[in-house]
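**Q** Below is a structure I'd like to ask you about.
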């Protein structure tokens, strides 16, 4: 039978059908190959938007830099980065006037954070540009490498463990005439394999010392590595994103802390809150505007889109904002906050891996690294690439491009939101001094603008004034992509508002399904996602019940754990059938052991082990929750774990789920193929680092170490802790005299070894 799809929607209000138009089912597009082309696009576009600025040369690195600030007044419709300093400062002043004490209070809050933050704050985050190896690394490894190099170059302030002291080292490192770094390299040699008697290539990993002069070091310290943004839906072209190195990260963190503190106090800011809290905040602003537009006034809302937000922002503008926000604050505080924007106005963009060439005729492939783009003959490239390279050449130094204007994606979300809100703030009647007025919402580059006026001409005048005011601070509202509606219907950060927020359920679709962590976590995450969507996203009971059944089915296929009495044959069915037959209480078996599903929409909040505990055979309980089971590498039991779920839009969200550690909570082992690559040395460092941290945590359960006091090494701290614990255990009779003596002896030996070293 043919179903006419429009019939499905006859009973559905139009706004509820919005989510069916979203491109959110199926796999998102991923990028392949190098991001070099996208990065060159970004660099070239950014310079084009600011082309009428002044060119200067950085005296330290020799990099050419373009400064568009206070450039020509912008022209209509063309995006441009010519922000006017005095306008930005005035917007800040008015923002402060409307919110007395806001900057002062935020500065005090931030000052406290600055003095207390530990350097391990920087280990959060994923890939980070590691300047010592000139490539991306996990954040913790990149930080460890940086600190190691700092210490071997006599920079030791970081040993206090405070982030601010690590940043002192960063500042000092920039004054050094040269830095000595350790890099990894690999040697290949051909040897005969004893077993097979064939020749094989053996790789050995070495570490070598290398000296870097001041200019090269500065270039590395100011470099942002670039990658292609993956999994972006609804776009034809990919785009580049940046990952900064450890020198920049700490400074950015403090600036964003200050800006976050300000955003929390601004009712128009869509950051840093999210989810339902954000919806409530938005609904308030809308309510205010609709209440005030009595019968005499019209109210219209623009669903706004800004053209190339990041590429028209300017670090110099952020410096002006910070200078204003921190006026009257202590000198050290103002200095530390102004370093991030200064580093960004001298930033370099690393062009990535370069280009791959292949000759079909000769079956040859070769990679042209980014470093060669400055000198290679352009006849090998197609026309569009040739144009890109010609344009970028004057900016190239050692495979990186000088990129003074522009901000790169996602670096100063909070601070740029403050700038956006400061323009929304100017819409009050006391500032517009006429019959129209505006208010709105801002979240990074996304905005919604609500304009009220007595008639249509007034609305038009209000929108024009807003548009022109934005231009003065380097914000370019796109006239093509923004649209206006009677207030009551608009979209903001993928929330659809129609006299209240409409659940956009399709956004959550990608997070339904089996995550692939392990049997225990996957079951827990799966039901938690369904529970959360019932709470937040209008997932009705019938649909939720269906989602649950589909999830269980998916789960059973993933882990091949069909019910013990099923006819389906899989690799596991022999074992599971045997278990099923010898189990008295079959309802007590977990789904992953071939048991029945006892979940329904009323008990989704209970972990499966707890749900079935009373129903389990005793010996099954013993096997399931046995910390001595040799096949399980147990993590310590945390009652709540965090899973990363992928909503369709925006970054991966962290979602809490209840974790009960059982024999199903295994941790998969690392892929072995990494052991044969140049990453091996890094992997060994990482494991070493991990082992030390694990050992340290064994001595200090998380409740007892918050902020280390004084400067003692990890080893000293552990030895003294071991002595104290041993004495307590001995005196309370928990350990024998011989054991106590042995512990004391080991402690003395460790101290002796440290002294000899």
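Keep in mind that glycine also has a Cβ here, set from the backbone N, Cα and C atoms.
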**Q** According to Swiss-Prot, which of these ranges is region 'Disordered': 17-49, 50-82?
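**A** The listed stretch tagged region 'Disordered' in Swiss-Prot is 50-82.
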**Q** When you scan the chain for residues with a C-beta under 8 Å from the region 'Disordered' (50-82), skipping those not six or more beyond its ends, what do you find?
**A** 214-215, 218-219, 222, 307-308, 311-314, 316-317, 345-346, 348, 394-395, 397, 402, 404-406, 471-472, 474, 476, 478-479
**Q** Which numbers of helix, strand and coil residues does DSSP report for the motif 'Nuclear localization signal' (203-216)?
**A** 3 helix, 11 strand, 0 coil
**Q** Average the pLDDT scores across the motif 'Nuclear localization signal' (187-195) and report the rounded value.
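**A** The predicted confidence over the motif 'Nuclear localization signal' (187-195), as a mean pLDDT, is 80.
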**Q** Over the span of the region 'Promoter-binding site' (249-256), count residues by DSSP class, listing helix, strand and coil in order.
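**A** Summed by class, the stretch gives 8 helix, 0 strand, 0 coil.
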**Q** Which residues of the same chain, at least 6 past either end of the motif 'Nuclear localization signal' (187-195), have a Cβ under 8 Å from a Cβ in it?
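**A** Here the qualifying positions are 201-204, 206.
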**Q** In the compositional bias 'Polar residues' (55-64), how many residues does DSSP put in helix, strand and coil?
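**A** Looking at the compositional bias 'Polar residues' (55-64) with DSSP, the answer is 0 helix, 4 strand, 6 coil.
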